[in-house]
Amino acid sequence: MSNPHSSAVIVLAAGAGTRMKSAKQKTLHSIGGRSLLAHSLHAAAGLSPQRIVAVIGHRREQVRPEVEAVAATVDCEISVAIQEQQNGTGHAVQCAMHELEGFEGTVVVTNGDVPLLRSETLRSLVDAHTAVPTAVTVLTMSLSDPTGYGRIVRNDEGEVTAIVEQKDGDEETLKITEVNSGVFAFDAAILRSSLGKLDSNNAQGELYLTDVLSIARTEGHPVRAYRAHDHRELAGVNDRVQLAQAGKILNQRLVEDAMRNGATIVDPDTTWIDSEVTIGRDVIIHPSTQLLGKTSIADNCVIGPDTTLTNMVIDEDAHVIRTHGFDSRIGAHANIGPFTYIRPGTVVGENGKLGGFVEAKNAQIGRGSKVPHLTYIGDATVGEESNIGASSVFVNYDGVNKHHTTIGSHVRTGSDTMFIAPVTVGDGAYSGAGTVIKEDVPAGALVVSGGKQRNIEGWVEKNRPGTPAADAARQAHAHETKEG
């Protein structure tokens, strides 16, 4: 037998997955912020194997970039084997073994559509396989309804003698509730030898990987099973219903992990957390919150309710309420929301504020600066301790190009100020309400752009006679005359 202390992993991801009814290859559908295939590859990488081989075939032009993207993030080599025609799992492993020429050790075979399988379970399988000399160890599970799964057939001593697929089983065999998960640990030398002896004499007319067990046993090699503790880990995803079910189980796992690590999640059923999100201690997450991508929440933050954060960095003690944010950073002790939209490239400094109905895009807000109400701030830099008045607009687009606005420190702008970029407002400057700033404002200046107010008496009664406004004006004038 081979050296049991080295390992390689084969991940099968060549199938068509027609039940998904999708233009996307099955294993590229996502739960928890990762594709099904990425989950499987990361679980495999957790074994620290010498190599991972992903077997791809159907729509491989879609799948190969995903394999390459995962390979760039893990500490082991991942290569690709092509299965030109999908002729069964045995044929898929034959294709993969060309990438493992000369390898001697344990070969783990798993699938690209089992996103809930943990590295720890794979490690337990390998440990069980290598504890004593074994040709094959199959990872099994017990199901109350085993329909569709290959049944584990044992002899009187409890040894595995065969795996019988659903379509090939007789009535007695189909009563067995212990089933094949599709995950195996093989001795590399015995696997290589047995693959050459497979035939397609079965209901599907394919090469079954499971027949390797019968071949190995016939040749006198031991075949064993290791039963998984949680059958949900081994649930395959074949359609959209199963995709949603797996996503819910994964999210429950991630939410519970966050709570066990010191976060308070007020309503776990309405909180969704992606696999690469990090959450600190004493964070409070209110209902209907989604933390997506590589979002990072530092200690003592309050997030939600009704908040979606994607690839956001939230520093300690920040409060983010009813906000949608993407690819940005919120500083320590900052206050965001409610109803705030944060677009990529925005940085809010320590003690900063983006208030109700504020949209920020590619904006750097300095320490202690506030944008409290009803404002669009795009392509802008704001210094420290400045205040942007309500209903202000940073007019950054001329129809062709985007332009930058620079606001200094300790600036106070009146409500309804328009900043026509490119423009700079110096430190300590003020603007009057309704000002349209088209030119640079010196430090310490007060800028106003409106002319003297004119009141045209009687205009409404003269130009809008018979309207409610004219009637109200006439009554007001009559009241003034009576009191006068």
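Placed from the backbone N, Cα and C atoms, the Cβ positions cover glycine too.
Site annotation (Swiss-Prot): acetyl-CoA is bound by Ala390, Asn396, Tyr397, Ala433, and the candidate from Ser409, Ser415, Ser449 recorded at this site is Ser415. Spread of the acetyl-CoA binding residues is 22 Å (greatest Cα-Cα distance among Ala390, Asn396, Tyr397, Ser415, Ala433).
Within the region 'Linker' (241-261), the DSSP-based counts of helix, strand and coil residues read 20 helix, 0 strand, 1 coil. The two recorded residues, Ala433 (acetyl-CoA binding site) and Ala14 (UDP-N-acetyl-alpha-D-glucosamine binding site), have Cα atoms 64 Å apart. Within the group of recorded positions (Lys26, Arg343, His373), the Cβ with the highest number of other Cβ atoms inside 10 Å belongs to Lys26.
You'll find the Cα of Asn180 (UDP-N-acetyl-alpha-D-glucosamine binding site) roughly 61 Å from the Cα of Asn396 (acetyl-CoA binding site). Of the listed binding-site residues Leu12, Ala14, Ala390, Ala433, the Cβ environment within 10 Å is emptiest of other Cβ atoms at Ala433.
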